[in-house]
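Peer 1: This is the structure, below, for whatever I ask next.
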Amino acid sequence: MGSLPPSLDLPADPKHGQQRQIDESTLLNLFKAQQNHLNYFFRHLDLSQALSFSQTLLNTTGTIFFSGVGKSGFVANKISQTLVSLGIRASFLNPVDALHGDIGALSSLDVLVLFSKSGNTDELLRLVPCARAKGAYLVSVTSVEGNSLASVCDMNVHLPLERELCPFDLAPVTSTAIQMVFGDTVAIALMGARNLTKEEYATNHPAGRIGKSLIFKVKDVMKKQNELPVCREGDLIMDQLVELTSKGCGCLLVVDPDHHLIGTFTDGDLRRTLKASGEAIFKLTVGEMCNRKNV
């Protein structure tokens with residue numbers, strides 16, 4: 001067992017005029033302690049269990065459901081979302097809602113993964129017989145040896161936990177960290193086994209940087225000619241204000257009779273011209289004030 005993390009020696013309540021502070025060395029020691037606890041997990045994880053679990057998820061022909069209560073529930077939900085983002089059919093099943101109708105989503109083709117540090121969570125234990133009646137394959141992921149949940153599931157994965165970083169060994173901070181590391185690592189293993197390409201990944205993230213760079217072509221984002229704010233150099237600036245503001249480009253494209261670009265006139269150019277010319281702007285043409293550099 002690792003040494004206990006140092007307790008936080010905090011000043012008195014701010015109501016009594018003293019400001020609370022965290023000492024730098026205390027924070028550093030906490031990070032080092034958490035690192036040691038995570039290293040304990042990596043050193044003692046049964047790789048054969050992790051492999052069996054990963055293979056089970058890979059071979060699932062239905063949906064992979066994840067469930068948990070409290071902080072473990074948040075982790076279970078996050079892992080399910082990670083799998084969904086990789087194109088794997090997965091979902092989070094709230095154990096309380098499941099007993100009030102949501103269990104109808106379960107079938108004999110599905111796997112239900114139950115995350116629980118103690119393995120003695122009442123809500124999950126009540127869910128097990130109902131899920132078994134639906135024919136789902138049940139997997140418990142726990143950190144306490146000899147727990148009740150492991151004994152009633154088809155498979156159990158033990159996540160070795162040295163202790164919580166919490167000085168009372170109570171707040172679930174290290175246990176949830178190893179749950180997250182375990183779940184997300186398995187997700188990437190599934191990603192590799194399914195030979196997911198970057199292009200396939202991008203289709204699941206169309207609004208992200210990768211999705212935009214791989215999915216959208218120039219023609220998908222390029223404005224068509226009738227959508228461009230085009231004007232001629234002899235046009236009066238004031239006559240082109242609607243064109244400047246309505247096309248959402250922030251500038252006018254000044255073209256010659258053959259539609260060759262000869263300059264631009266931007267929102268900034270309009271403000272500077274108005275400030276410098278005042279009422280004279282009503283008589284100025286776009287060509288007189290447009291920017292012809294780098295065109």
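Glycine is no exception: its Cβ is also placed from the backbone N, Cα and C atoms.
TrEMBL entries are annotated by machine, without manual review.
Feature list, courtesy of TrEMBL:
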type	residues	note
DOMAIN	53-196	domain 'SIS'
SITE	K71	site 'Catalytically relevant'
SITE	E123	site 'Catalytically relevant'
SITE	E164	site 'Catalytically relevant'
SITE	H205	site 'Catalytically relevant'
DOMAIN	222-281	domain 'CBS'
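Quick one: where do these features end up spatially?
Peer 2: All chains included, 16 other C-beta atoms sit within 10 angstroms of the C-beta of K71 (site 'Catalytically relevant').
Around E123 (site 'Catalytically relevant'), a 10 Å sphere centred on its CB holds 18 further CB atoms from the protein chains shown.
With DSSP states grouped into helix (H, G, I), strand (E, B) and coil, the domain 'CBS' (222-281) comes out at 28 helix, 15 strand, 17 coil.
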Peer 1: To the nearest whole angstrom, state the Cα distance for the pair K71 (site 'Catalytically relevant') and E164 (site 'Catalytically relevant').
Peer 2: 13
Peer 1: Between E123 (site 'Catalytically relevant') and E164 (site 'Catalytically relevant'), how far is it from one CA atom to the other, in Å?
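Peer 2: Taking the Cα atoms only, E123 (site 'Catalytically relevant') lies 23 Å from E164 (site 'Catalytically relevant').
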Peer 1: I'm checking region-level scores; what's the whole-number mean pLDDT for the domain 'CBS' (222-281)?
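Peer 2: Result for the domain 'CBS' (222-281): average pLDDT 87.
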Peer 1: Within its own chain, what residues at least 6 apart in sequence put their Cβ under 8 Å from the Cβ of E164 (site 'Catalytically relevant'), listed in sequence order?
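Peer 2: Listed in sequence order, they are H37, L170, A171, P172, V173, T174, S175.
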Peer 1: Is it possible to list how many residues within the domain 'SIS' (53-196) are helical, extended or coil according to DSSP?
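Peer 2: Its residues fall into 67 helix, 23 strand, 54 coil.
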